[in-house]
Amino acid sequence: MTNQLDQLAINTIRTLSADVVRKANSGHPGAPMGCAPMAHVLFSSFIVANPSNPKWPNRDRFVLSNGHGCALQYVLLHLLGYNMTMSDLKAFRQSDSKTPGHPESHLTEGIEVTTGPLGQGLAMAEAHLESRFNKPGYELFSNCTYVIAGDGCLQEGIASEAASLAGHLRLGKLIVFYDDNHISIDGDTELSFTEDVLKRFESYGWHTQFVKDGDNDLAGITQAVVNARNVKDKPSIIKIRTTIGIGSKDQGTEKVHGSPLKPDDIAQIKKTFGFDPEKHFYVPDSVSARAESRWNKLLEDYGIEYPEESAEIKRRFANKLPEDWTDHLPRYTPSDPSVATRKLSENVLNKICDVLPELIGGSADLTGSNLTRWKSAGEFQADSTGIGTYSGRYIRYGVREHGMAGMMNGMTAYGGLIPFGGTFLNFISYALGSVRLAALSSFRVIYVLTHDSIGLGEDGPTHQPIETLASLRALPNILVLRPADGNEVSGAYLAAIQNLQRPSAISLTRQNVPHLEGSSIEKTLLGAYVLKEVKDANITLVATGSEVSIIVDTAKLLEKEGIKARIVSFPSFELFDEQSLEYRLSVFPDGIPVLSVEALSTFGWLKYAHANFGMTTFGTSGPYKEVYQKYGFTPENIADKAKKTIEFYKGHTLVSVVQKPF
């Protein structure tokens, strides 16, 4: 039975949602109007949060997994008491507003994650921290993660990846509301989506429920949430049948899905719900919300009994790293044996994971190839499986690259964790939607990307990346690193871990590479540096990763012919671009032609080099040395390219290409 205040709150959400989208002249009013009852139940009876401290660690997380309901998110945040004024709502989607059309977590208080490609790891983070830090009588981490998702959300492939793993992991504090309104942008879902969603989720190992009348049955919705919260060993999905755009003349159709409602329609909606049609953005005084201090007292008492754990919690959530962790990064000399950089990455993880307990990671079913599991790692699994515990830090993502990247975003958003995930460089293409969101959201996540060129050999062109690194470098706010040896691998991890506001992609070889004379961890942080300087040089040779050792040998060949070649190692475009012009000109000075070498696409290299040698076709299957020979990545061929470059630019007044007007 719905009381008057409940109905007033629900109708307030509906009319505010219509006003917000109309004011913006853009948006999706239908879903928030239809979801109003479930949202009201959730926010009035279950969500525990503190608007005055939006980052309180044990708050319940709410994810509106489809940006089409963003109007609902803003309205709910306002009603809950977040710093969301009516003027913010009126300015909805204007450039100076706090409320962009699809909410961004780093711009608007109360937005947990920037959604788009769907699938997050918030519930995984809670389970891990609960297992790691909770003690008898001290339930420091106990929050639930609530999600409202629609038909479109559940059609996305990443949703299946995430839901499958959530079921396997038995994440009982994950509760999803499925807004079953039978409408997508194209029309009725009978056109494209007729599967039995609950049977699918049941097969994933989820607890499933159905509320037939989501427009009115608040008691049914409330009981379904209670039931879901009582199921501790399964995530829950509650299918709730709703009417999209309820109250509109076009309710129940796609017409209310993706466009603002007409002013006369909004007026009649307000009349239907008992509101003054002349009042806009109206919130009755009797509708508001509340929720932290007991938790702070709990943490204070916890600190007396468990001082080390308390200090660690505070350090992690303040995004501070242990003071001496960098002392554990391995360093190498040229006398050390040649090793694949993927193996050198494993060496780093073995050295730092025990001193950086916030590192949590795994692989998309490629552990033995990515070498992402360190020796002391425990398995992140439900305790009841007998194969691990939630306190474990090694995650078996399965063949779910997109889901893995999305879950890493969620774990970062939760706080207190630094997630990493491994796959082949070529397969990060499957996850680019979530990688883009990590960059957009300024999330510190680390992608460990092995088998990074044609040098992976016999797996052939389906696995050999050509354009992949260029596509990552094209993304704003991501750090892409392709280290050449052991010191640069250590430097890549240092750069990735200390960068709080962006994700990092570390590109690693399958084949062995030598440790280079002149490399260092510290120089890696400069993005590019002179590995070998010569006076009166005829050319600068620059390369990344496994090709740096090739240009070192190329320079030796050229020297025999009296041609002087400078050598530059270039592990990161982004870090180099952040250096001063004076430094950049010291690496690529005026008057000397620059030839770049990379066994990948040359796209992007024109920013730094006068001539570029790289891949212009897909690769081929074969032993990596033969593949490199086939495509000309040999000292002899590159020496020939260098001589042609010198000859072409002879007599020209060369200006370093790093100089730009802006």
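Glycine residues also receive a Cβ, built from the backbone N, Cα and C atoms like all the rest.
As given in TrEMBL:
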ACT_SITE  Glu401  active site, proton donor
BINDING   His28, His257, Arg342, Ser369, His451, Asp459, His463, Arg510  substrate binding site
BINDING   His68, Gly116, Pro117, Leu118, Gly152, Asn181, His257, Phe427  thiamine diphosphate binding site
DOMAIN    339-515  domain 'Transketolase-like pyrimidine-binding'
SITE      His28  site 'Important for catalytic activity'
SITE      His257  site 'Important for catalytic activity'
Reported mean pLDDT - the domain 'Transketolase-like pyrimidine-binding' (339-515): 97
Rounded inter-Cα distance in Å - Arg510 (substrate binding site), Gly152 (thiamine diphosphate binding site): 39
Cβ-based isolation winner (fewest other Cβ atoms within 10 Å) among the binding-site residues His28, Arg342, Arg510: Arg510
Of His257, His451, His463 (the binding-site residues), the residue whose Cβ has the fewest other Cβ atoms within 10 Å: His463
Inter-residue C-alpha distance, Gly152 (thiamine diphosphate binding site) and His257 (substrate binding site) (nearest angstrom): 12
Candidate binding-site residues Asn181, His257, Arg342, His463, pick with smallest Cα gap to Glu401 (active site, proton donor): His463
Residues near Asp459 (substrate binding site) in space but at least six apart in sequence (CB under 8 A): His451, Ser621
Spatial neighbour of Asn181 (thiamine diphosphate binding site) that is closest, considering only the binding-site residues His28, Arg342, Ser369 and their CA atoms: His28
Pairwise Cα distance for His28 (substrate binding site)/Phe427 (thiamine diphosphate binding site) [Å, integer]: 34
Phe427 (thiamine diphosphate binding site) and Arg342 (substrate binding site), Cα-Cα, nearest whole angstrom: 16
Site extent for substrate, whole Å (max Cα pair distance, His28, His257, Arg342, Ser369, His451, Asp459, His463, Arg510): 49
Binding-site residues: Asn181, Ser369 - member with fewest neighbouring CB atoms within 10 Å: Ser369
